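The signal peptide annotation in Swiss-Prot covers 1-26 and is backed by sequence analysis. According to Swiss-Prot, the feature domain 'UPAR/Ly6' maps to 27-118. Among the features that Swiss-Prot reports, disulfide bond is placed at Cys29-Cys53, Cys32-Cys41, Cys46-Cys74, Cys78-Cys98, Cys99-Cys104. Look at Swiss-Prot and you will find Asn105 tagged as GPI-anchor amidated asparagine.
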Amino acid sequence: MDTCHIAKSCVLILLVVLLCAERAQGLECYNCIGVPPETSCNTTTCPFSDGFCVALEIEVIVDSHRSKVKSNLCLPICPTTLDNTEITGNAVNVKTYCCKEDLCNAAVPTGGSSWTMAGVLLFSLVSVLLQTFL
């Protein structure tokens, strides 16, 4: 597989996160989707006061190639996590960090963070399979 497949996998994961996400109000969060990890993100006010700011760091490994992107956004819940997952033979690691304070999702903290959202990966697998057949 080449970097095109890596990019498609990352985009699909991020698209699913966006489709599954409702925004929260009142909380101020950083907001960017599928950008390189060193990229600065804009801020946004979330629609519901009980929302979470979420930071995702997504790494897709195809053969010996690694690709990382980050997403920062508002979600109504903190996503459930697992350890590591494989989608169509590719290793996908998603570090997730959730918080409930203004602008607390600047980055996924190093060490001790959780990995891989189960729902996102399930929907991503379906999306990848659908895209394969289209």
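Heads up, the Cβ atoms here are built off N, Cα and C, so glycines get one too.
Quantities reported herein were computed from a predicted structural model and do not represent experimental measurements.
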For the domain 'UPAR/Ly6' (27-118), the mean pLDDT of the predicted model: 83
Integer Cα-Cα distance in angstrom, Cys32 (disulfide bond) to Cys53 (disulfide bond): 12
10 Å Cα neighbourhood of Cys99 (disulfide bond): matching disulfide-bonded residues from Cys41, Cys46, Cys53: Cys53
Neighbour count (Cβ, 10 Å) for Asn105 (GPI-anchor amidated asparagine): 26
Distance [Cα-Cα, Å, rounded] between Cys46 (disulfide bond) and Cys29 (disulfide bond): 7
Cys104 (disulfide bond) and Cys41 (disulfide bond), distance between Cα atoms, whole Å: 12
Distance from Cys78 (disulfide bond) back to Asn105 (GPI-anchor amidated asparagine), taken between C-alpha atoms, in Å: 12
Same-chain residues at least 6 apart in sequence whose Cβ lies under 8 Å from Cys98 (disulfide bond): Phe52, Cys53, Val54, Leu75, Cys78, Pro79, Asn105
In three-state DSSP terms, the structure that Cys53 (disulfide bond) belongs to: strand
Cys78 (disulfide bond) in three-state DSSP notation: coil
Helix-strand-coil residue split for the domain 'UPAR/Ly6' (27-118), DSSP-based: 1 helix, 53 strand, 38 coil
Separation of alpha carbons, Cys74 (disulfide bond) and Cys104 (disulfide bond) (Å): 11
Pairwise CA distance, Cys74 (disulfide bond) versus Cys29 (disulfide bond), rounded so that it is a whole Å: 6
